[in-house]
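What TrEMBL records for this protein:
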TRANSMEM  7-28  transmembrane segment
TRANSMEM  40-59  transmembrane segment
TRANSMEM  80-101  transmembrane segment
TRANSMEM  107-127  transmembrane segment
DOMAIN    283-344  domain 'TRAM'
Amino acid sequence: MLRYLLYILYFLCGVSLGVWLFPDLISVLPVNLPAILNNALIHALVGGLLFLTIFYWSIDKVEQLIRKGEGIILNRNLPEIIFATLGMVIGLVVAVLISLLLNTLNIPIVSEVVSFALAIILGYLGFQIGMKKHNEVLELLPKQNDKEQNEGPRGQKKLLDTSAIIDGRIVDVVKTGFIEGELAVPQFVLDELQLIADSTDSMKRDRGQRGLEMLHDLQESSENVNVQPVSYDKLDVDHQLVQLAKEENAALITTDYNLNRVCQVHNIKVLNVNELSDAIKLIIKQGDTLDIMVTKHGKEEDQGVGYLDDGTMVVIEDGRKLVNQTVSVEVTSVLQTNSGRIIFTKKES
């Protein structure tokens, strides 16, 4: 489609030049053309065909340039595009106003050159300021009303990071309906998943492929999951997530402890899958009894290790000889870590 539009554009440029130049050229040539050939329609047709023929070689290069520009624009979010365009328009308007003042000096060449330079410089500056300062402009605009602010994260847009997708538990959470609102996977997160899936390291490759499978399951389980075509140059994935969450007032779903802390610094709402998992785990305290299957040896010589249904590790004192047996144990202590709980027990006497 773009190529056909370029054909039409080139032909129209030739038509304009033909209608404008051919009458003057014919008037200076020592040739008398028949009246049927010396008219605007023939000039337009010949000019269009000549221009298209002469500059046909440049169509591929122009098309590639337009495609590249299209890709750059599509990788920017809507506020950036709007404010960049608005900034450029303001810059051009200022350039026109200054040019009108310069025209009063009656110095034609200087006025034209300076006006042209001002249009380029101020248009460019306006574009860059609009692109890079749009966040500060948005902060000056009136905030959402109290009702919208009090809606909380349930209906709020949520961004998924790489760790949450690879973890996979978010799929079951979404299926249960506990998470409402739009779930967005930024393009740069999808790119990182693809990069991990293509890794030469087998462990990384397995994690990346698992993440892509989890994302497919997530899209199958909910109509509110979509890939957002956005990217920020010269920023790593975590910083891009923080930037996007700030711009769109979105919450972030992650299992990354460090990213969680960074988001808290920036006052970004975080839904941590690990914290959710801990919140719904069975409450276990000292003195409780459990029936546990001892599956392997522990780090200490006399320890055995088992797991609850939710994956919580249970360490059994003097349980090394009880591997592959189900025993009743009494809880002696519970250790809470950033990665989860560890329950220490001893065999009931």
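Glycine too: its Cβ is placed from the backbone N, Cα and C atoms.
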For this session: State the residues, same chain only, that lie 6 or more residues beyond the ends of the transmembrane segment (7-28) and have a CB under 8 A from a CB inside it; answer 'none' if no residue qualifies.
Result: 38, 40, 43-52, 55-56, 59
Seminar exercise, completed: Summed over the domain 'TRAM' (283-344), the DSSP helix, strand and coil counts are 3 helix, 35 strand, 24 coil
